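Structure first, commentary second.
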Amino acid sequence: MDMMLLVQGACCSNQWLAAVLLSLCCLLPSCLPAGQSVDFPWAAVDNMMVRKGDTAVLRCYLEDGASKGAWLNRSSIIFAGGDKWSVDPRVSISTLNKRDYSLQIQNVDVTDDGPYTCSVQTQHTPRTMQVHLTVQVPPKIYDISSDMTINEGTNVTLTCLATGKPEPSISWRHISPSAKPFENGQYLDIYGITRDQAGEYECSAENDVSFPDVRKVKVVVNFAPTIQEIKSGTMTPGRSGLIRCEGAGVPPPAFEWYKGEKKLFNGQQGIIIQNFSTRSILTVTNVTQEHFGNYTCVAANKLGTTNASLPLNPPSTAQYGITGSADVLFSCWYLVLTLSSFTSIFYLKNAILQ
């Protein structure tokens, strides 16, 4: 009813405008009886895709200088001739020439998505062109799992949610240390996570409208400490020597040293202890007989404790004993050979004299 009154007012002031509005009224759902629609066999339909934030130009041309046009979006009139009915400052009519009656929408948003109709009123019959504007939206990750710290063996689900038009595809990748790709999907399930599966996980949302949106999640996996190696260098009395203990664990383990049942402390009896995240080094600045014995390295964190032992013995004297025995043995054989030689000469001399 309001539209008809508007048309009647337009008739009083401008006959061509009334004609245009009447033709547009046929396109408005509010002007049609329930369950009926109007199909214009002469109407051209076009589809246009524009990225969000860009400028959309919906082309429409007048037949001659006498024809008039109007633009309609769904049930709202945007322009009628040169009169702007929309209050949106982004909307204008492009007039590159006398026949150009294109609708220009700056900084396109998702709310601009939908059908647009250009109606041109000629001297004979109205001509209608329809354009369906599709606003494409670059992918945007709006929700992703926070960085997490969990214990080894726990089930983990990583979440990555994104928006975009077309709807973006979601993919996951374990970028450190393995760079392993996973199947696509918003959720990444890891059952019984292991220490090897710790690191950074990358979520990528992509829909070919723009560059993929990429976010990362850091996963820390706690596990009980292990000692991978305990090893010593040569321990020579009067010189310095060291024992190295290599371990692993998350959180990093705390190291302790024992000699027999006695706990060792840094600076005690010429001992220096240096602890790092994955190793501990025990240095004896001046090795004496009292430093030899059984040493134990202990590594502990909140998930457990482990240890490894190494016997530290004085340098072996076997080398010197073997050398001495050889000298004595050689001397004995030399003596035997000498005595035998003299005996042989003595018997040979007697035989000649006889």
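Yeah, the Cβs are placed from backbone N, Cα and C, and that goes for glycine too.
Only one of CYS245, CYS332 is recorded by Swiss-Prot as the disulfide partner of CYS297: CYS245. Listed in Swiss-Prot as the disulfide partner of CYS160, from the options CYS118, CYS203, is CYS203. The disulfide bond recorded by Swiss-Prot for CYS60 reaches one of CYS118, CYS332; that cysteine is CYS118. A 10 Å cutoff on Cβ-Cβ distances gives CYS203 (disulfide bond) a total of 24 other Cβ atoms nearby, all chains included. Put simply, of the recorded positions ASN73, CYS118, ASN155, ASN294, CYS297, the one whose Cα is nearest the Cα of TYR187 (phosphotyrosine) is ASN155. For the domain 'Ig-like C2-type 2' (139-221), the model gives a mean pLDDT of 94. Nearest Cα neighbour of CYS118 (disulfide bond) among the listed glycosylation sites (ASN73, ASN294, ASN307): ASN73.
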